[in-house]
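Feature annotation from Swiss-Prot assigns N-linked glycosylation site to Asn95, Asn138, Asn260, Asn327, Asn451. According to Swiss-Prot, the GPI-anchor amidated aspartate annotation covers Asp444, on the basis of sequence analysis. The signal peptide annotation in Swiss-Prot covers 1-17 and rests on sequence analysis.
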Amino acid sequence: MMLLTLLILSSVGLAAAADPSLFSENDYSPDNIVNRDVLIVGGGAAGTHAAVRLKDLGKSFTLVEKSSVLGGHTHTYIDPTTGTPVEFGVHSFGNTSDTRDFFARFEIPLVDFVPARFPVHYIDFNTGDAVAVALDTNVTGYLDQVEKYPSLAYGWLTSFPVPSDLLLSFGDFVNKYSLQKIVYTIYYLGVGIGNILQQLTITVMNSVGVGILSGLQGVPGGAVVPAAGNNHAIFDKALAELRADILLNSHVVAASRPANNSGVKVVVQTPNSRKLVLAKRIIVAVLTQPENMNVFSPDEREARLFSQLKGQAFYVGLVTNTGLPVNQSYYNAASSEPDNVPLLPKTYNIQSTVLPGVFWWLYGSETALTEAAVKTAVTSQIATVRRALNVPAPAGSPQFLAFGNHTPTHVTVPAEAIASGFYRDLYGLQGYRNTWYTGAQFIDSASGIWNLTNAVVLPGLLTGL
């Protein structure tokens with residue numbers, strides 16, 4: 001029986017409990033012991049917003065972020081010559097009260113998002129064939145289906161059992177509702193999902209929802225951006241204000257999370273020292289895959305859920321010296337597929353930006369790749385596009401100005417797990433062992449995450465704090 005139990009726990013990735021001696025206050029100097037109401041793990045859109053809200057609510061916190069900046073998937077390149085900001089991560093934010101309030105908090109005015117329009121060439125990035133994509137932007141039929149599930153706008157699967165349509169592969173869903181004409185449109189709106197026809201319909205709808213579709217249909221005000229440009233400015237301002245309570249280039253080493261509401265102890269490695277954070281609550285604002293959560297010594301209930309999450313590899317960046325004609329964009333389209341949707345691995349598109357000659361690219365893979373491997377693949381497909389257009393190669397190789405790694409993205413679980421109540425159980429972890437959760441595994445948009453934090457996470461976390 002003991003062997004069977006060990007095998008079961010191993011299969012769900014249950015981590016061993018941390019050495020209790022790690023949490024002894026006697027082993028830390030006074031300046032390396034931090035007492036706070038809340039420890040926040042992750043400084044992306046979710047964690048940064050939670051930190052600002054806690055400060056405004058009069059609660060103390062420490063935020064731990066593994067990189068040197070806040071902002072997560074929001075990347076802005078500033079041209080060194082002109083000072084022009086170029087977005088190569090998050091391009092816009094849903095126009096919700098949560099978004100408007102967050103930007104207003106830092107006195108950043110917003111305007112409607114108007115995407116740049118450049119002539120588009122549809123090319124098979126593998127063969128170099130020009131592809132006649134019959135792009136249909138009339139997504140009314142799909143929108144009618146999405147609107148049946150309003151809770152998906154915030155990642156909340158409040159109905160149970162889960163409707164069977166949501167558990168169909170998107171390919172089967174398309175066939176059921178005769179949506180073949182708009183497959184390529186949904187594909188390019190949902191870049192990063194991966195092989196879209198093989199994904200579950202619920203995954204696609206969670207990414208390509210009412211907000212994105214409203215913008216496509218010409219509804220003004222569906223998305224907003226800072227009036228001065230630079231989507232990353234809000235995170236820069238947040239860092240400047242909260243710097244004393246943020247540990248950058250740092251990571252959690254171990255955590256003690258008793259189930260009796262007696263508070264938590266978390267060991268954090270910073271560039272200069274190891275700190276012991278004593279807190280009443282934890283907000284986990286990173287993906288709860290085992291590689292992130294094993295340091296928190298998940299129990300069987302938690303590990304069973306965390307071990308099931310899988311995501312796609314996704315990379316973004318800016319490149320110049322491509323030899324491609326400027327002020328035009330190039331979309332990958334499979335010449336051999338009836339819906340023209342290419343399979344992974346692939347460069348999704350190579351798009352012009354506001355800087356002439358600088359292109360924004362997006363690359364996806366089913367497995368994680370090194371930065372060098374991604375750049376090699378993108379360079380190869382740039383050459384294929386150039387040959388398709390019959391334009392000469394430039395002197396030298398493409399120059400990569402910026403690179404962002406969004407791996408893993410669009411994390412999800414199999415249909416069987418969802419049907420068995422996976423998301424019900426995942427939401428059921430809110431508050432368990434003094435730990436609360438927010439972030440992209442619930443909803444893949446900043447505005448949706450901020451709503452989740454404001455409406456669900458903070459009210460529960462603040463009770464009794």
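From the backbone N, Cα and C atoms, a Cβ is placed for every residue, glycine too.
Of the candidate recorded positions, Asn95, Asn138, Asn327, Asp444, the one lying closest to Asn260 (N-linked glycosylation site) when CA atoms are compared is Asp444. Using Cα positions, the member of the recorded positions Asn95, Asn138, Asp444, Asn451 nearest to Asn327 (N-linked glycosylation site) is identified as Asn138. Put plainly, the glycosylation sites Asn260, Asn327 were compared by Cβ crowding within 10 Å, and the winner is Asn327. Note: the Cα of Asn451 (N-linked glycosylation site) and the Cα of Asn95 (N-linked glycosylation site) are spaced 12 Å from each other. Shown are the glycosylation sites Asn95, Asn138, Asn451; of these, the residue with the fewest other Cβ atoms within 10 Å is Asn138.
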